[in-house]
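Student: Annotation source Swiss-Prot lists active site, proton acceptor at TYR24, citing sequence analysis. Per Swiss-Prot, the feature active site, proton donor maps to HIS102. Residues or ranges marked as substrate binding site in Swiss-Prot: ASN76, HIS82, ASP89, VAL103, SER104, ARG113. Look at Swiss-Prot and you will find ARG19 tagged as site 'Transition state stabilizer', backed by sequence analysis.
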Amino acid sequence: MPQTVYVLNGPNLNLLGLREPEIYGHATLADVERLCAETAARFGLVADCRQSNREGELIDFIHDAHASKAVGIILNAGGYSHTSVALHDALVAVRIPTVEVHVSNIHARESFRHHSFTAKAAFASLCGFGIDGYRLAISGLAAKIGASAQA
């Protein structure tokens, strides 16, 4: 049975492709989910993609990842990255290898976006690669857990 990676997207990411395309590009959340599924499959993994605009539901998804014995989490918590101690604490509690992803370069934007609580609970953080950051995150996670690319 393939191992599962949870790909969790937070507030407003359901609006990818519509919201500020000059910052976030024209790719949609469906494009992100397709990219994640294809990339995970290259490593013999399955991507369980979920999105919520609610902080508590994102925490529930993290708990679900733990309960289902997921091998990793890719997290784009959106604006909650900069404000949510609760998401940080949930990630620390479950001890699942996590990569934080941001479509835009948060360090080249407003100063309130420069700090990330969730990054402190992740083993890696990627930003500014557009949706390709998800592919890079899954590839990095696969290397971390010892999953090899399938022929």
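Placed from the backbone N, Cα and C atoms, the Cβ positions cover glycine too.
Describe the structural surroundings of these features, if you would.
Tutor: Mapped onto three states, the DSSP output places TYR24 (active site, proton acceptor) in helix.
HIS102 (active site, proton donor) falls within a strand segment according to DSSP. Same-chain residues at least 6 positions away in sequence with a Cβ under 8 Å from that of HIS102 (active site, proton donor) are, in sequence order, ASN76, SER81, SER125, LEU126, CYS127, GLY128, GLY133.
Around the Cβ of SER104 (substrate binding site), the same chain contributes ILE23, TYR24, CYS127, GLY128, each under 8 angstroms and 6 or more positions distant in sequence.
The 10 Å shell around the Cβ of ARG19 (site 'Transition state stabilizer') contains 11 further Cβ atoms across the protein chains shown.
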Student: Who sits close to VAL103 (substrate binding site): which same-chain residues at least 6 apart have their Cβ under 8 Å from its Cβ?
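Tutor: Correct list: LEU16, ILE23, TYR24, GLY25, ASN76, CYS127, PHE129, GLY130, ILE131, GLY133.
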Student: Could you measure between ASP89 (substrate binding site) and ARG19 (site 'Transition state stabilizer') for me? Cα positions, answer in whole angstrom.
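Tutor: One finds 29 Å between the Cα atoms of these residues.
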Student: Measuring Cα to Cα, how many Å separate HIS82 (substrate binding site) from ARG19 (site 'Transition state stabilizer')?
Tutor: 19
